[in-house]
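Since the structure comes first, as structure tokens, the remarks are kept for the end.
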Amino acid sequence: MSASIIDGKAFAAGLRERIGVLASAFEAAAGRKAGLAVVLVGEDPASQVYVRNKGKQTIACGMESFEHKLPAETSEADLLALVETLNADPAVDGILVQLPLPAHMNEQKVIATINPDKDVDGFHVVNVGRLATGLPGFVPCTPLGCVMLLKDQLGSLSGLDAVVIGRSNIVGKPMAQLLIAESCTVTVAHSRTRDLPDVVRRADIVVAAVGRPEMVKGEWIKPGATVIDVGINRVAGAQEGKSRLVGDVDFASASTVAGAITPVPGGVGPMTIAVLLRNTIVAAHRNAGIALDESAI
Ligand SMILES: NC(=O)C1=CN([C@@H]2O[C@H](COP(=O)(O)OP(=O)(O)OC[C@H]3O[C@@H](n4cnc5c(N)ncnc54)[C@H](OP(=O)(O)O)[C@@H]3O)[C@@H](O)[C@H]2O)C=CC1
Ligand SMILES: Nc1nc(=O)c2c([nH]1)NC[C@@H]1CN(c3ccc(C(=O)N[C@@H](CCC(=O)O)C(=O)O)cc3)C=[N+]21
């Protein structure tokens, strides 16, 4: 049996199209474009690529992109001051501070400074609390993108057994919260989990967010299960000096057992950026007091 491939790239393109329509309606109603500010500290090449892609897609959707690139040696106080300026700027609806930050900065302190109603990453404790209690807020982009793909693939997730591998604040934990909200029976596995293959074998839905290239093997997967691979790992390619991207799932073996699986690249990654734009257009409507049917996006 061969799994169907979940085309995150195509789904993300459709999502951006719907956002584009909402963005032009917003501009007509508000007399200004919705705006996203992205802050990058330092010169990490992968982060630079992501930030550039975010900026391009923001503009392509008819929103305004404000990019702030700061040198790696910027003081924490200067970064906090920039965040405060963006909080106060009425042209800015969403703020994203690219992580990880340089070691001399306290990430929690920086995130805590972002106005929760502009926190389109959903990382502020207020939004974490809102998600945990079922209040409207902002949900982290990567896990929300995963749930959109799952619901598109499976319809209702109610009653399904889900295993999330990874318990980070940005992927694993919010992913578990969203699956609980969809009435899945959720297990969260991590580096101390005993017999991970056995835990994964129970799952109708497997979400891998580990950061270990091709760790999850096909023999671990229950036949017909849906596999969402969040991992983005750059490894040495076949050709000298070239690298390639692989996920946390061994795609070759898992795709012979799973019912459906996301590829890397072209799966969850493109969804992350599209959901960021979704959260930004939602923030713009809320901040401007303009009604929007958020469940329809
Ligand atoms: N597609 C996208 O848009 C995004 C992709 N990513 C990718 O997703 C992956 C995870 O990211 P992130 O959550 O930030 O990573 P973290 O490093 O913050 O978390 C990794 C988690 O995996 C667990 N883990 C590590 N080794 C094992 C193991 N051998 N067995 C079981 N669990 C293990 C850790 O457990 P413990 O807590 O015990 O240490 C931890 O909870 C990365 O590849 C990252 O690049 C991340 C964000 C967005
Ligand atoms: N504050 C903050 N918010 C984030 O959401 C955030 C962050 N910091 N730091 C880094 C991680 C990682 N991340 C990705 C976004 C897009 C792709 C993506 O588009 N991936 C493409 C491939 C891109 C390539 O070729 O390199 C794909 O999977 O098809 C991947 C990973 C967002 N993150």
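The backbone N, Cα and C atoms fix where each Cβ goes, glycine too.
Taken from TrEMBL, the feature NADP(+) binding site applies to GLY166, ARG167, SER168, ILE232. Taking all protein chains in view, 23 other C-beta atoms sit within 10 angstroms of the C-beta of GLY166 (NADP(+) binding site).
Marked as domain 'Tetrahydrofolate dehydrogenase/cyclohydrolase catalytic' by TrEMBL: 6-121.
Here the domain 'Tetrahydrofolate dehydrogenase/cyclohydrolase NAD(P)-binding' (140-287) is broken down by DSSP into helix, strand and coil counts: 57 helix, 30 strand, 61 coil. What TrEMBL lists as domain 'Tetrahydrofolate dehydrogenase/cyclohydrolase NAD(P)-binding' is 140-287.
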Reported mean pLDDT - the domain 'Tetrahydrofolate dehydrogenase/cyclohydrolase catalytic' (6-121):
97
Non-local Cβ contacts of ARG167 (NADP(+) binding site) (under 8 Å, 6 or more apart, same chain)?
LYS173, ALA176, VAL188, HIS190
